[in-house]
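The next block holds one structure in the form of structure tokens; read it before the comments.
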Amino acid sequence: MKILYSLRRFYHVETLFNGTFVLAGRDQETTGFAWWAGNARLINLSGKLLGAHVAHAGLIVFWAGAMNLFEVAHFVPEKPMYEQGLILLPHLATLGWGVGPGGEVLDTFPYFVSGVLHLISSAVLGFGGIYHALLGPETLEESFPFFGYVWKDRNKMTTILGIHLILLGLGAFLLVLKALYFGGVYDTWAPGGGDVRKITNLTLSPSVIFGYLLKSPFGGEGWIVSVDDLEDIIGGHVWLGFICVFGGIWHILTKPFAWARRAFVWSGEAYLSYSLAALSVFGFIACCFVWFNNTAYPSEFYGPTGPEASQAQAFTFLVRDQRLGANVGSAQGPTGLGKYLMRSPTGEVIFGGETMRFWDLRAPWLEPLRGPNGLDLSRLKKDIQPWQERRSAEYMTHAPLGSLNSVGGVATEINAVNYVSPRSWLSTSHFVLGFFFFVGHLWHAGRARAAAAGFEKGIDRDLEPVLYMNPLN
């Protein structure tokens with residue numbers, strides 16, 4: 001009887017129902033992996049693996065282009081983006097394309113161009129993927145040594161890491177260039193309710209930029225998610241760009257130190273596990289960012305945050321009842337606390353009622369009404385502008401609380417709109433994917449460590465007690 005694992009390879013046993021099935025000339029016997037393990041069969045075939053990765057990039061870019069055009073085709077300019085289930089157009093609008101004051105869409109042509117460019121790019125990537133998967137050399141080491149590699153070659157691996165870091169740094173600089181020189185980006189804090197503007201006065205102070213990293217992630221601190229002005233965001237990308245580029249150059253020019261050689265497992269599956277861990281962290285951070293941050297993700301495009309919708313409801317009814325003659329400064333609510341206004345634990349004047357829990361919300365429609373000690377009573381009586389009333393009424397009825405088959409919005413709000421907020425979609429999907437990637441990290445890290453420790457062949461079954469027990473029947 002043939003042994004289950006290949007003598008040529010050193011991977012886990014994969015027991016197949018049909019061990020003789022051959023796909024693309026690579027069967028389980030020669031690769032150690034079954035057909036359904038996909039790219040695992042290509043672990044040591046750098047040329048074929050390149051094809052798989054390029055084709056995968058093509059699929060990703062094709063989705064981006066096709067979905068982009070789908071959203072353009074369905075877009076109704078009269079309705080806010082967040083009511084239309086859009087997740088790509090809000091990103092383009094945030095970059096300042098096609099929008100004007102208040103986030104109003106003036107021109108959808110840039111969105112169309114974006115979709116077409118992604119489709120064309122995906123065709124190029126798709127062709128490259130098919131070429132390298134089917135026609136190109138199986139391995140790159142002989143013909144193209146610069147692009148070839150061996151997984152355990154630590155120096156080559158850190159060189160590849162360095163190249164990736166430089167590309168990421170250049171990507172960060174692209175956003176900086178867009179904000180500084182190519183039309184600017186959308187600033188939800190621009191006076192009068194948001195506008196596209198060039199970011200001129202960058203925040204480059206390391207104490208400010210790295211201060212975000214040192215903040216607590218909880219409550220009113222909010223770690224990097226608490227960033228609330230574009231100068232800090234674009235300045236942060238300047239720092240990130242330089243750090244990534246210089247880190248990349250460092251990794252290209254140096255070899256791993258002894259402690260790093262000892263600390264890491266140096267195999268393809270280990271690198272996969274490290275990458276999955278990083279993507280998992282990114283997913284969890286993105287989840288919090290899109291859920292809580294209304295500067296990087298402006299509410300004009302993504303809908304209000306949960307706290308923002310709640311505070312907007314309190315503000316809307318304060319405006320209504322003040323018009324009807326209520327004295328909002330002294331009216332008592334059912335609990336004996338202020339009905340419209342109360343004090344926070346640190347003494348600021350905040351909105352009363354259930355929304356007190358969201359007292360540290362900052363939003364561009366609300367900040368003009370604050371003074372040095374929180375909400376300013378005289379401003380609430382005299383300075384409320386029509387655009388602030390309109391926007392808060394709109395946000396009140398569009399809380400990001402809907403489920404797929406129910407009415408969206410606050411359960412007690414009779415005017416709530418039946419929709420699911422893009423914030424709900426994006427934060428939930430990134431949390432779920434972040435979690436799955438974390439599980440994938442644990443799985444592949446465990447396999448990589450087992451292989452490195454030398455017991456990847458599985459357990460010796462010869463002495464299992466079950467082999468010596470009587471059959472159940």
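Including glycine, each Cβ sits where the backbone N, Cα and C put it.
Remark: Glu367 ([CaMn4O5] cluster binding site) has Trp189 as non-local neighbours, by Cβ distance under 8 Å and separation of at least 6 in sequence. The [CaMn4O5] cluster binding site annotation in Swiss-Prot covers Glu367.
According to Swiss-Prot, the phosphothreonine annotation covers Thr15.
The N-acetylthreonine annotation in Swiss-Prot covers Thr15 and is backed by sequence analysis.
Annotation source Swiss-Prot lists transmembrane segment at 69-93 (among others). Remote same-chain residues near the transmembrane segment (69-93) are listed as 99, 103, 105, 108, 110-112, 114-116, 119, 186, 297-298, 300-303, 394, 398, 417, 419-423, 425-426 (criterion: CB distance under 8 Å, separation of at least six residues from the stretch ends).
Annotation comment: Swiss-Prot describes 134-155 (among others) as transmembrane segment.
Positions annotated as transmembrane segment by Swiss-Prot, on the basis of sequence analysis: 178-200 (among others). For the transmembrane segment (178-200), same-chain residues at least 6 beyond its ends with a Cβ under 8 Å from one of its own Cβ atoms are 93-97, 99-103, 228-231, 234, 294-295, 298-301, 364-365, 367, 387, 391.
Sequence annotations record features per position, and here Swiss-Prot assigns transmembrane segment to 255-275 (among others) based on sequence analysis.
Positions annotated as transmembrane segment by Swiss-Prot, on the basis of sequence analysis: 291-312 (among others). Same-chain residues lying 6 or more positions outside the transmembrane segment (291-312) and placing a CB less than 8 Å from one of its CB atoms are 80-83, 89-90, 93-94, 102-103, 186, 188-189, 194, 222, 225-230, 233, 351, 354-355, 358, 361, 363-366, 391-396, 398-401, 409-410, 421-423, 426-427.
The transmembrane segment annotation in Swiss-Prot covers 447-471 (among others) and is backed by sequence analysis.
Beyond the ends of the transmembrane segment (255-275), by six or more residues, the same chain brings 43, 151-152, 154-155, 157-158, 440-445, 447-449, 451-452 to within a C-beta distance below 8 angstroms of the stretch. When secondary structure is read from DSSP and collapsed to three states, Glu367 ([CaMn4O5] cluster binding site) falls in the helix class.
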